[in-house]
Amino acid sequence: MTPSDAAPAGRRPALPRSTDLTTPQEYDVTGATVWLTGLPSAGKTTIAHELAARLRAEGRRVEVLDGDEIREFLSAGLGFSREDRHTNVQRIGFVAELLASHGVLVLVPVIAPYADSREAVRKRHAQEGTPYVEVHVATPVEVCSVRDVKGLYAKQAAGELTGLTGVDDPYEAPQSPDLRIESQDQTVAESAEAVFVLLSEKGLA
Ligand SMILES: Nc1ncnc2c1ncn2[C@@H]1O[C@H](COP(=O)(O)OS(=O)(=O)O)[C@@H](OP(=O)(O)O)[C@H]1O
Ligand SMILES: Nc1ncnc2c1ncn2[C@@H]1O[C@H](COP(=O)(O)OP(=O)(O)O)[C@@H](O)[C@H]1O
């Protein structure tokens, strides 16, 4: 590596400028992690997929790191204790940052209930110089429990499940997210559009 190739402190080296990449856009484009935090049934997954479709239509490379899929593979064996949730969130944050550092827009619809876990992910991104955006899907628990997409609120109420985030397990709401979405007052398209506008304003979409 020559001195001119050296990366700024804390940043992994950029891809070398070589002729074997098909187009300059492949490495000039800025990636980012967009973390959608909120209660079960808040709308995180739905907004992520709506936004992903919109971004792909604009020609962006997008990955959705879905919480359920991650728990099936990368975080197989982890439960919902505070420690396991922290480990899960750090693993997802690690993968998200890697992808984002290579120009991918990474959408992460994962509860991430603890402020210190989210802060650690934000710090990792800052250390690597990778953009990180926090979106709080702030749907009230009363609305989430009526939606109850996976039947978890009903199970908790029936005594078949304990430790449900926002009911009998903590959810530490972000104090100053980059965006707060009140999904109970919006259509899915409006919620996704709000994130898209934010990304555009930040030069990330
Ligand atoms: N006890 C309890 N509390 C909260 N959520 C629960 C629980 N048990 C199962 N689930 C379902 O697990 C889905 C994935 O959780 P996450 O990986 O996003 O959670 S965490 O960030 O590790 O806390 C999460 O998905 P979403 O509903 O999409 O949020 C829940 O449906
Ligand atoms: N503005 C909105 N944004 C996102 N979801 C919404 C909105 N309005 C209604 N919904 C509905 O709420 C439910 C949210 O479910 P889901 O996306 O799986 O939540 P989560 O991933 O947060 O657990 C879906 O049935 C979705 O259609």
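Yeah, the Cβs are placed from backbone N, Cα and C, and that goes for glycine too.
Looking at 1-23, 162-184, the stretch flagged in TrEMBL as region 'Disordered' turns out to be 1-23.
In this view, the densest Cβ surroundings among the binding-site residues Leu39, Ala42 belong to Ala42, judged by other Cβ atoms lying within 10 Å. Contact annotation for binding-site residues (Leu39, Pro40, Ala42, Gly43, Lys44) versus ligand 2: Pro40, Ala42, Gly43, Lys44, each with CB under 6 Å from a ligand atom. Close contacts with ligand 1, defined as a Cβ under 6 Å from any of its atoms, occur at Pro40, Thr45 among the binding-site residues Gly38, Pro40, Ala42, Thr45. Each of the binding-site residues Ser41, Thr45 was scored by other CB atoms within 10 A of its CB, and the lowest score goes to Thr45. Summary of the ATP site environment: with the site residues Gly38, Leu39, Pro40, Ser41, Ala42, Gly43, Lys44, Thr45 set aside, the chain residues having Cβ atoms within 8 Å of the Cβ mean position are Pro109, Ile111, Val137, Thr139, Cys144.
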